[in-house]
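Asker: Please read through the structure below; I'll follow up with questions.
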Amino acid sequence: MSSLSCGTAVCVVCLEKPKYRCPACRVPYCSLPCFRKHKAPPLQQLPVCPLRLGACCCFIEQCRPAAGPVEKKIRSALTAKTKKPVENEGSLDDDDSVADFLNSDEEEDRVSLQNLKNLGESAALRSLLLNPHLRQLMVDLDQADDKAKLMRACMQEPLFVEFADCCLSIVEPSQNEDP
């Protein structure tokens, strides 16, 4: 898999060379047992997500459980490996080092870390996500075998269209503004 060919990518569980990425949070893992360990809740009590989303699937920072010792070790190692020397501090974009690591399949589809943070902090998006019907649509879409077909069906739902428009207005504000 070309997106994991980067030399700094390691499995979040065992630190081996990864072959896959978690579909929810995009962290690399090498095998099904490692994926199951990654998805399994730790033995200690997890914080309750106010939106009742899974720990891995919740993009709101406050809802995520604390990282385990292996994940902290990986993050610090990746930060050290992907940090570039700063010559012009104003010209270095924090997203560059992360982008090198993630190597998504389509460059144009990549959402910057700042935009992801903006999504997580959006009050309008949070209020939409309180709707149980929308949350069920999201779960169904995540679990669907034919995601493209279900996405077309979801885009016929006014609530889902409102959700998509809200996300796009945050991620691509200049393209959604009226002249």
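Glycine residues also receive a Cβ, built from the backbone N, Cα and C atoms like all the rest.
This is the feature table in Swiss-Prot:
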type	residues	note
BINDING	CYS11, CYS14, CYS30, CYS34	Zn(2+) 1 binding site
BINDING	CYS22, CYS25, HIS38, CYS49	Zn(2+) 2 binding site
MOD_RES	SER104	phosphoserine
ZN_FING	11-49	zinc finger
Asker: When the pLDDT values for the zinc finger (11-49) are averaged, what is the result?
Answerer: 75
Asker: Which site among CYS11, CYS22, CYS25, CYS34 has the most other CB atoms no more than 10 Å from its CB, taking these as binding-site residues?
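Answerer: The residue with the most neighbouring Cβ atoms within 10 Å is CYS11.
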Asker: Neighbour count, 10 Å Cβ-Cβ cut-off, for CYS30 (Zn(2+) 1 binding site): what number do you get?
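Answerer: A count of 20.
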Asker: Among the binding-site residues CYS14, HIS38, point out the residue whose Cβ has the most other Cβ atoms within 10 Å, with all shown protein chains included in the count.
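Answerer: The most densely surrounded of these binding-site residues is HIS38.
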Asker: Using the recorded Zn(2+) 1 site (CYS11, CYS14, CYS30, CYS34) as reference, state which further residues of the same chain have their Cβ within 8 Å of the centre of those residues' Cβ atoms, listed in sequence order.
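Answerer: Same chain, not in CYS11, CYS14, CYS30, CYS34, Cβ within 8 Å: VAL10, VAL12, VAL13, LEU15, GLU16, PRO18, TYR29, SER31, PRO33.
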Asker: Quick one: pull the CA-CA distance for CYS22 (Zn(2+) 2 binding site) versus CYS11 (Zn(2+) 1 binding site), whole Å only.
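Answerer: On Cα coordinates alone, these residues lie 10 Å apart.
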Asker: DSSP on CYS34 (Zn(2+) 1 binding site), three-state: which is it?
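Answerer: CYS34 (Zn(2+) 1 binding site) sits in a helix per DSSP.
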Asker: Do me a favour and check the Cα-Cα span between CYS34 (Zn(2+) 1 binding site) and CYS25 (Zn(2+) 2 binding site); whole Å is fine.
Answerer: 14
